[in-house]
Amino acid sequence: MHERSLPASPNWYCSRSSDVNDSGLLGVGAKNVIFLIDVSASSCRVTGELVGHKDLVSGFSFCQHAGQSHICVSSSSDGTVRFWDSDSKVLLREHAAHQTSVAAVHWSPVDKNLVVSGDEKGVVVCHWHNTGDTASFFPEPRTIVCLTCSPHTWSSVAVGYKDGMIVLIDVSKKGEVMHRLRGHEDEVHSLAWSPVASEEVLQSRPEDTEGSGGQRAYEKGCYLASGSKDQTMRIWSSAKGKSVMTLKLPYLKKRGSAVDPGVKERLWLHVHWPTGRPTQLVSSCFGGELVMWDLTKTGKQRWTLLGTSSEGQNHSRIVFNMSSVRLQDGRELLISTSMDREIKCWDLASLDCCWTLPTLGGFVYALTFSPVGAGCLALGVGDNMIRVWNTLTTQNQYDTRSFWQGVKSKVTALAWHPKKEGSLSFGTDDGKVGIFEVFSNRPPQISSSYHKKTVYTLAWGPPVPPVSFGAAGGKPSHSLYSCAGEGVILQHDPSKLSGEASDIDKLIRDTNGIQHKLSPHTDLSWKPDGKVVAVGNEDGCVEVYEAPSLKQLCSIQQHHKIINTLRWHHDHGSPPELHCLLASGSSNTTVYVHDLRSVIENPPESPVVVTEPYRRLCGHTSKITGMAWSPHHEARLVTVSYDGTAQVWDVLQEEPLSNYRGHVGYLLCVDWSPVDPDVIWTGGKDFTLHEWSVSKQEFTRPPKGKKMVDLREKMKAKKKNKKTPAAGGAAPPQTNGEPVTGGEKAGPGAELSAEEEEDEVSSTSSPAPPSDLSTLKKKKPRSMLPVSTAMDHRPKEELLQDCVTLASVRHHSCVPGRGEHLHLGLFSDRPALYRMFEAEEEAHVEAGHFDSVVYLRLWSGDLEGALQLATEKGELSDHLLSLAPTAGFGVWSRTVEAFVKQLCLQEQYLKAASHLLSINKLYEAVDLLRSHKLYREAIALAKARLPADEPVLKELYTCWAATLEKDGHFSAAAKCHLAAGASFDAAKVIARKNDVPSLRAAAGLARISGEAALARSLALRCAKDLAAARDWIGAQDVLGAQDVLLAHRLHLCVAELMAATLTDRQAESQPAARGHPWASLDGDGGIQGRVRDVWEAQFGVSQHSTGHRGAGALLQELESAESPTPTANVPLGQLHSSLHLTRAVLSWLLDADGPLVKELWRAVAWFREAGHFAVSAELCGLLFPDHDVRVCSGKHSKVLFLTEEEAEAAATSLQALVHYHHLYQRWWSDSTLVPAAAANGAASEETRPRGELDALASALLSERHAAFQAAQRSVGQIQERLAAMVLKHSRAQAGQLRSGENEADGEPSDRRGSVYPHPDVVECCLVLLLLSKSSASVSESLQQKAKDLLRKYGTETSTRRAAQRFLT
């Protein structure tokens, strides 16, 4: 149907939108069409199109089975999957199993009937071509990007997702997931199975054989390659379900031509595994390069770049798809599509590019052959580029160059210089005009004068004033004229494009003495000899001017719609009588040809009005967009139209010769081949350029439509009335509803902004005429007088009778404004008009149009009634309210109040409050805002208009604070409390968040506000949290802000010293401490002495301090602090134990020995009773390095003198605890020394004195305490038995007695019956006997005493079992 053509650009960012079958037929998805291209020959050729999808084609695949390779399948964003016959180019079947956009489709290489597709929601659908059945699966709730069927197992399908996941599913098991392949960090762009059904080819790599145990498990699987946005490719084992190889893309410098830096590209990594090449993989790269990978090699030898034999072979932008085919002649070809809008064919044997097919990414707005360079065709395309195609080359049939620099917009107009070779002018969608020198690499010259709208026409012609002024050698031979959508024609000086262009309208008005405003221009055409120029206008008029003064010769008033195109007949090789033929096309369907020879050869003194054409060319069914005269024939013209066809005419005979219908959608441009009389080139909205032969077309005239039939009827009627002159010449210009820049001139402009998203495509190859959006009527507003208007649209006879009736009104024979004469009230007096208004109001009320009733009453002067009705119906408006004051203050006030209620129902509270202010109802406005929880606005209004001491303000702040506090906005609530003067509440609210910053701020706020007790409480809470986080510096800072908290600062100081010196096993998981430099022990004076030194140096507290720093006052302050019951789960153990140590040191400063020893006992016992045995032992060592509790400190000499019985008991118990821990320490140390001595071959000699151990034994092995502890254990056992019996009895009786359970809770402690308990004597006996086994320091008498105590008091089963080895 056509010889050569440039197809639309393949779709971007699709995983598989192109495929090739074994006969060399390539299918490419472009927009919503599939283009079929024959790639088997040395050069490619577009053979047809598959049209039917309503949205972008997202996937395409051929059936690769013998006898069925002409069948193909496509998927689309419209949610459908379609089966096609590529030979007959017809649709076979359509499936709509998907509910959303389909992302990928593939025809199984194993099963000739199976097609698998996946959509963006993650649904996978199997389609069976032979039966038409479908089956849906949902393996993963992820977005599918790509999928591929296994070439070895029909049921295996690999699916790639946007999040980087790859899933292998078995479609024979309802989409069961076989493997989830994880490794990619970003979306998977493509998948490719190895052509060999084995995993043996890559097993030379050692990491692949690990863990195989020598078994050949690879024979059961197949390799899968994947490419991802994370810049890596991975080879996966389908048998193992894991990655066996990772390939990182190499960074390559871009070769060949530069690319537009303004276009941002993202990486697309496509992988292709050619058939018969199991160790070679082809992939795309960063800048459009193609790389061949050898999977058996490593390092830089692994990859080879395609197209290195010469410059410019590679793509200049990222590659989206690749497919390969082995032809019958043995050649193996690879086809690639790219963002650079080129399709390339590669020879896989030589890795060189065989041919390149340019494609188009936008409407073809303009095409023109160079008058100097034969066969040089320029294309203006909507993808912001100009193509220059040398159509006469024999080696490369698609020898094109692209120009984009400086364009940056859709190219809508082109014109070659008539004399200078390679000089091409262009106009763009954004009003730019420039000139390219196509045989150089320089950027274009851009005119400094921009049009306001789209440039539609460019023409070279002789210069006219003011450009033609000046010396003969200085003025240019040709000027460039541009016509744009705003209706202005500018003359540009090509030698000084930086200068200002001139508007030719000024010259036209001055030369012809025109005072009125000229009609906007839409097209112009210079006669080839440069003597006259034809200018088309928006009103359909064509005016012819004589150069250089632009004197008007004639005005052609044949068209009645906007002129879209004008063309003069050529003057080479044709009779002189044809040189003055001017063809014109408009938004009408008829092409008119006028013979202006008489006007041009004998210019009239005044412009001639031409109303009759020389020839009429009728046949198109929509507006004309372009035309061209044949340079090879006499009076032969080709026209293109919005009806989607190109028509060749014999102008003299007014006969159609040939009609071309190969495009999909309307056409925009046409030109005749300068070398072949039978060839014409056309371009249009389908993004394609077609070359076709006139003699090979099946049709001779455009397809008939309703417009064509109507036009023929009009022509017949016109011929019958030939004597009557045509009314078109004298009639005023009519736009017929077209916009100012309408017709073809506005058509493309309207499409420009929506070009890339064009949706409307006919489902057949012969499209129907597109609907003109400019003809759609706007919805009329509702009439205010519908009844009378309807009566004025009655039959003609009744309307005439109305005139007679109205004339008889003066004789009082009728009453206008009532009954059947209702509508006559508009033409009579005022009372009649009011009567008509009453009837109209009744009609509006019945229809529910109360707003119209309001306006009628307003017009009649009943403002109060109008306002009352609007109030009742809720139809008040700002306009009505603005009129209310004219009816009086009372009416206005009531109207405002009613409007406020209406606004509240509409939830427009701010507006309602503002209207209340207009009638001085400030308190009501504030209350309205508060009632709808607009507290911020209410407070702003009240503070701006009311006194500062107004109670309403405090109430507002309080209410807002309560609301904010309820919603958890504590900081904002605190500000409200502060504004209301409630500082206490503000501090309490901030502290509710209970984190350190909030507590710190709350404490500071309370301190500043004078709330001393609250400030003290909050500071203590904050310091406690900081201490828990081991931020000792922060805790001291918080407490340091208040002098009354000095005692607690001393407590924190002791806690920090203990934390720095004790081995707290609970602190391992806590954060690193932030402490003071003094927090460490120096020397061996004990921790008590270090505490005194730090207190004196850092806090000024000593034995001689007085006032609030006195030890007595500080001790009294700490007496109120409570220490929790010791358990292993209590946090901050050091903090609680340090409280007792702090009290002990303060008692020391007061020389109170009794309280001192009791607090020391509590400090040590707290850790022991909490279960921290090692910490308790370590603290004993720090407190009493000499193991004597009556010596308080070595540095500050102090010996205890105890007179109280309780203090003496505490000292005795404390000494026993010290001995107890010392005993364990001796046992552990001796247990480690003995094995070491034995290993060295030395005898274990006792070096420790026995007197030390005897002193320990005398304090610990007390028979009195042993008897007391044995009695305690017996009592505890009896209590447990009694509790169990009581519990059993209460359950049996369904009673609620819980006292027995409560009494039985917990273990009997050593403290029952004794405030200061003694260490377990039985336990000490066992430890002593164990020590005797490893040390000779235990005397025989001591051992015997321990054994005697064990026999007498070790009555428990566990104790007897442990003591058995010593007692037998």
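Numbering starts at 1 and runs along the chain as it is shown here.
Yeah, the Cβs are placed from backbone N, Cα and C, and that goes for glycine too.
Per TrEMBL, compositional bias 'Low complexity' is recorded for 724-733. The domain 'Gem-associated protein 5 first beta-propeller' feature in TrEMBL is assigned to 22-201. Per TrEMBL, domain 'Gem-associated protein 5 second beta-propeller' is recorded for 375-685. What TrEMBL lists as domain 'Gem-associated protein 5 TPR' is 824-1032. If you look up TrEMBL, you'll see 1090-1240, 1257-1299, 1315-1354 marked as domain 'Gem-associated protein 5 RBS'. Among the features that TrEMBL reports, region 'Disordered' is placed at 714-793, 1293-1316. Taken from TrEMBL, the feature repeat 'WD' applies to 50-94, 223-246, 617-659, 660-702.
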Residue counts (helix, strand, coil, in that order) that DSSP gives for the repeat 'WD' (617-659): 0 helix, 23 strand, 20 coil
Outside the repeat 'WD' (660-702), six or more residues from its ends: residues with CB under 8 Å to it: 1-9, 30-31, 33, 49, 51, 359-369, 371, 374-375, 377, 379-380, 382, 391-392, 619-622, 625-633, 638-648, 708, 744, 748, 751, 758, 761-762, 765-767, 770
Folded-back contacts onto the repeat 'WD' (223-246), same chain, C-beta under 8 angstroms, at least six residues removed: 156, 158, 160, 164, 166, 168, 178-181, 183-194, 196, 199, 201-202, 205, 207-208, 217, 266-271, 273, 281, 283-284, 293, 295
Non-local residues, at least 6 beyond the ends, that sit with Cβ under 8 Å of the repeat 'WD' (50-94): 11, 14-23, 25, 27-34, 36, 100-107, 109, 112, 115, 117, 119, 125, 127, 129, 132, 664, 759, 761-765
DSSP helix/strand/coil residue counts for the repeat 'WD' (660-702): 3 helix, 19 strand, 21 coil
